[in-house]
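Peer 1: Let me begin by handing over the structure; questions about it come next.
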């Protein structure tokens, strides 16, 4: 229950919006600058929100409405500067506060206290603080001693508790601890069998259970740092050095990237990380940019584990919603995370105190050449000639890496001159393992919840669901989702001996229910996102098609199981919703301890119309992970991706007229 | 009916095997050299095969038996030189002859006349000759005139007739013709409506039908040659130049390639093209090579079209079986088909006269760096440290390109230091289109068998099935196929609130029937190929897992339709058979006009045991192609691939001990 009347507050705050501050003239979609983040903090700290202590959990750009932005974009000079606004989530007085802060006018434009299930994204400061509680908690100190481990070798980490039908205990968190010892690879050395529940706001340990003792796996062979390796060294090819004698083919102006036939805005958000906005491609017929994506980003990575025991049952993380990309994003290592020809962008987010935190090199942008042609043909039929014609494939990659505790995800958006967008995710980093008595496979008895990957080390079965928010605006905002179903036609008494063939039957999804696709059970279909009112010269409807990923796992949990209720959207790979500026997070705005009442599946139950309107594609790549010894002590990257490929978006292949690179220049 | 008694002939020929010739000491798996091909021709021409005219349709290495080879390989110096043999298919006297030629001993080791359905692969000479018949065939000359086309602008191509229930007419072929005019892109300018059936051996036109006249599509915009393009030019990125300051990381000794932890033999076959043999990877524990693949290659590319009309119903090509890779392979264009750091191998095949034909640069080998890490991690949990550790991903690519008339396939085998093999296919080149009256989508009436991609041009619906022969020998020849099925377990009355999870239930395929997998209907499973008698130190069974492709289409044709009967294996993506040296071609040894009685599906019906024995994985990638305007006049490459990834093959991730490249060297 809110002690504030939000109507009253809004009124109060709006009339206070008067002092106009200038921070230059950013692009309306630019992420918040450090000075804007500081200004937001100052505005809030000096406001009437009456709490002695409050903590920041999200501070992000509140974008202008789409139509406002598009109108501005069509003629920026004719418009006034769009006001800069931020959306802020605070915890204060044991409550969650949502604020819209008008940065331009230096005031809080609206403020309400949130009610409902779920809690905001954790901040780093409270996570750091809560893990330190363990070291002065006598039962834990004794548990560590009982295991023959030196307390100063122990580190602990926070594990969101999810929701498993229990009554609300407030903002609680579980802690799991590891042994550093001689290795940096803490994740391979769990202090198994201990359950610790702590209150993030009272900053105290609420419950403690030391249930089972199993050996802490040895540090031997777990450290991955180059400095700790001894010969014989592992295999590698010879270095391949990439250079660009004509320089980079892209320009970065603020956050707007232009490359070949593409223009896009590259932003950064504390929860989503990399955000691609307003990606448009040149229409070769009239040399004008035509929109493809209004906004796209990873909306959530959900990782449920498959061990129902006391220490593991609750593990079903919403990595973005629980922890946020901001605090967990990695500064990219030049030359390794990205190639030498990459350019970098920094990112900023607000810490728990509301102050800006700088993440250098959080995004990299580079031109990729992997040795492939973009198209080719050899023609031998024309008498007296052998024609071989081909073009080199150079694409543009925009990359971020997020490290969600043990796991690292390399997240790529690859733009191709053909108009295709390939979306890649590379999974690497460490598995979550549980300690076990077993040191050899022959000792294993009964059902396991994972695979023995090293002595005393079980790699626990789990899934990864990487969910993309893809606000496609194909040649404008009014789009439809069309399934071109492949239908077998049986020929009866035909003029030829052929007895069957397939053809296509197009079916436009009218409501959200029509648009839920499970690729495992769906009949074969080409999945098209079209603009019904825009045609090619030839009369075809312009569109893009989705080429799905081989990583197409859907959840195997039962419908009534709590992790599934909270992530019900993981039962289908594809959903389409009407555009709603507020529907950003597949797991809900408040993912931590959410009950599944504000997730994609819940929204979709409204079964709204999605035909010939502004629609959003939600696409989830899924992986069931059965660990193997190769995943120990650190996994080689597993890459998977999907593709958005033009389908009658161009009048013809736009690359035919592309000139080849000078061969001489390539041979340097 | 054979005029020869093959028993008698074999006896006769064997006693003639006496003259020993020496061609150096090739590796037993090396492809036939040009001098060997010439020797084979001489041996056969001077033999007793009594036909005034005979033509060669296949000349390829007859490999030693696997056990013989493995025994030789384990200690080459201790063994005598293995005799070089060839398998040869001839047409002579209206019959198909199969010969085993002993090159070492300069004689025909065996000879039999083949009976049964189907005909051998076409050779180029007969195809060239048969297409020329049209130009002196009055009805065709008149058809061309009737269409207002200049005969000298016309080129024709051969189209295998398949088998559609009709009686055997001998080696017949259909011809389809195109208009060159102002373009090199003949495929976009069909002379539609004409059906020509010709006899390849009598070299005469048997049947002729000019059924419908529709406009020949214009040449405008169809030419893809750089020299024919005018500004404004199409989009491209800036050149990315790759160099290797430390040189190439691989060595090529004869046909044996060694790179990082891999050793493999790269061969070339007139039908299969690129053949990877005896691929082994270093076991980091004992520094010995351990086998992964005994032999792998593309066994067939099957492309059925979906137009049941007179001119198109028979189109269901077995590209490799009908035409063979040899004649249709492309000399790779350095700098475009392969990057500047590539090394090339030549190929040879026998033409219709049995003489060697040289294909320069038919295979390229290069180290690929696409800007990605092979693994990474950032660790922030250890107090006072931020550790970021990663390694650059450099892989080895072995590539060929085949141009099967209109279509070009880029076929890659990518070997990774992690032990993974990624198998890629890139589809590019031209669609097969049919001429139509329609010049705008609004004119279309009734059901179509394709999409309007340009005025008067229908891109016809079709499928691509790329079938791989993968003779896995995981740590030895005795392997099993194990499905680790993911099974949902419901928790009843558990100690925690968790209501479900998944676990794995391993199921070893005992016979061929157990091993047929349709990914659309199969329950989720990890597909493992294991060596049951080899364990890791930890006690796990060594294996590799198959990560399937997103290109997983299966045929939608009815079971009784002729193209389906002939390619029944396209109903499942995965089959496993016991190893049989003769079972090489999924479409059968004689694919042209085959009846489906010698294809993979037919072999599999024997339902042989496949447990703990030498087994072969047959994997088919499938694509349903619904054309779009972007495919006109030439398609941008569509890439798809699958992965063979070690699963408890190594005791741990072999890359942890890999040293990073010197950053300084990368930044040149």
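Using the three backbone atoms N, Cα and C, a Cβ is placed for every residue, glycine included.
Annotated signal peptide per TrEMBL: A:1-24, in sequence order. Here TrEMBL flags A:27-112 as domain 'Copper amine oxidase N2-terminal'. The feature domain 'Copper amine oxidase N3-terminal' is assigned by TrEMBL to A:121-216. According to TrEMBL, the domain 'Copper amine oxidase catalytic' annotation covers A:241-655. Residues annotated as active site, proton acceptor in TrEMBL: A:319. The annotation active site, schiff-base intermediate with substrate is assigned in TrEMBL to A:407. Residues or ranges marked as 2',4',5'-topaquinone by TrEMBL: A:407.
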Peer 1: May I ask you to report the DSSP-based helix, strand or coil state of residue A:407 (active site, schiff-base intermediate with substrate)?
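Peer 2: Assignment for residue A:407 (active site, schiff-base intermediate with substrate) reads strand.
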Peer 1: Which whole-number value in Å describes the distance between the Cα atoms of residue A:407 (active site, schiff-base intermediate with substrate) and the residue listed as 'active site, proton acceptor'?
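Peer 2: It is 10 Å, counting Cα to Cα.
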Peer 1: Tell me, roughly as an integer, the mean pLDDT over the domain 'Copper amine oxidase catalytic' (A:241-655).
Peer 2: 96
Peer 1: Other Cβ atoms within 10 Å is the metric here; tell me which of the active-site residues A:319, A:407 scores highest.
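Peer 2: The largest 10 Å Cβ neighbour count belongs to A:319.
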Peer 1: Please work out the helix, strand and coil residue numbers for the domain 'Copper amine oxidase N2-terminal' (A:27-112) from the DSSP assignment.
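Peer 2: Going through the domain 'Copper amine oxidase N2-terminal' (A:27-112) residue by residue, I get 24 helix, 31 strand, 31 coil.
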